[in-house]
Amino acid sequence: MIFPENFVWGAATASYQIEGAVKEDGRGQSIWDVFSHTPGNVAGGDTGDVACDHYHRHTGDVALMRELGLAAYRFSVAWPRVQPDGTGPANPRGLAFYDRLVDELLAAGITPYATLYHWDLPQALEDRGGWTARDTAHRLADYAEAVHARLGDRVRHWTTLNEPWVAAYLGYGNGVHAPGRRDPAAAMRAAHHLLLGHGLAAARLRERGAQHLMLVVNSAPALTPAQVGDPSAVPGEADAAAVERVHALLTGQFLDPAVHGRYPEAVLEAAGRNGGTGHIQDGDLELIAVPIDQIGVNYYNPCVVEAAPGEPADAAWPGSEDIGFRAAEAPSTAMGWPIVPDGLSRLLVRLTRDYPGIPLMVTENGAAFEDVVVDGRVHDAERVSFLEGHLREAHRAIEAGADLRGYLVWSLLDNFEWAEGYRRRFGIVHVDYATQARTPKDSALWFRNVIARNGL
Ligand code: PNW
């Protein structure tokens, strides 16, 4: 099972999840510093204060990436390192860290993929309304310009946002993520302002000559319980409508505006019943629909739903009031997420159909398991089988016509898994947080072979 020539193999991380060094070189506070330091928000009271100490260990970590044969490394830039208060002149000491990292990656023959926003909003901006405030979108564009001015001569691949659905609905809807607000109307405003920020930042990067622009969404096919494990199952009318609505709320809400310059009807209806659509101003959709060069897809598991009038609404899903969210009948990871590899092929094929002409990249795929180091090894056979199963489906999608250009595993390192803290390990490299020792798991050694032979 060989992948196309020039298929991009790599791994991904995010700033707050690995860097630590939260007070160094003038870094300001982010919403995740405040949120994780507020008791009750993160399992075990964990914070990103130290994390993988990548800020001090980046040289060794890049050497590790090279040993694994990664062709690409997707990282994110911490906005509060660049602009401690989210506005104003850039902090050169904060940018210098990414400058060093990029130079090391290039020297190792690894292509840097920079993400501008992977959820660590400067707290000073949150104090002015965060993503519920329209101004934050303009601030993102200024920040994007500052980062591009420093790194744009060497970084060719730029992502504006990572998973705006999570940032909006877990951050402002059900409060599971920072800033921990619980208000569906706020979440819908946040989603729009994130999109506006994407468009304004993308336009700014384009003006500066950026050529590979990507928006990264967490996407998943919506499936009925019967469709899990049975691609031939055909849902009834009501269930099919539920599936389409969930798809519109999760994926269409972001990709339809960004690519086609329009919102799905289901999103406008949900906004109408949750605070109104007044925040969507004339001309916004034109600003949002700046052409992008690639769609990044983070896939973990499908959304299993069925029509269920009278179910209590899920706080993270305004617009889904008559839809029931179900557990899939499938084995699951340590996150409790069902393992459904063919969800990936279904998704990639659909995205190619809905957004033709825009290449796709799997920007995250991976799983948490209960990994233990035994005699210097981590035998994570479950992760190997998870990754292998998903790669088979990625290959199948390509054969079915999906324009898939690369695959990045989440994650390079075990790291701060947001509300789950350090107890959930997604890395292909194990991290002992007491010593910061890195141990490549069996999955890392397996992945090195996959990369070397460009397939399975
Ligand atoms: C993604 N959910 O987050 C992120 O991009 C990563 O930073 C994260 O570590 C990874 O997936 C694994 O979780 C998500 O609850 C976090 O639906 C939570 C959800 C989805 C994605």
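Each residue, glycine too, has its Cβ placed from N, Cα and C.
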Discussion item. With GLN17, ASN162, TYR300, TRP410, GLU417, TRP418 listed by TrEMBL as substrate-binding, which of these, HIS118, HIS212, HIS247, is given for the same site?
Written reply: HIS118
Worksheet item: For ASN162 (substrate binding site), what is the secondary structure by DSSP, using just helix, strand and coil?
Response: strand
Item to complete: Give the helix, strand or coil assignment DSSP yields for GLN17 (substrate binding site).
Response: helix
Item to complete: May I ask which residues of the same chain, at least 6 positions away in sequence, place their Cβ under 8 angstroms from the Cβ of ASN162 (substrate binding site)?
Response: ALA14, SER76, THR115, TYR117, HIS118, TRP119, VAL216, ASN298, THR363
Item to complete: Could you list the residues of the same chain, at least six apart in sequence, whose Cβ is under 8 A from the Cβ of TYR300 (substrate binding site)?
Response: ASN218, ALA220, MET335, TRP337, GLU364, ASN365, GLY366, ALA367
Worksheet item: Within 10 Å of the Cβ of TRP410 (substrate binding site), how many other Cβ atoms can be counted across all chains shown?
Response: 24
Worksheet entry | Cβ within 8 Å of the mean position of the Cβ atoms of GLN17, HIS118, ASN162, TYR300, TRP410, GLU417, TRP418: remaining residues of the chain near substrate | ALA14, GLU163, GLU364, SER411, ASN415, PHE426
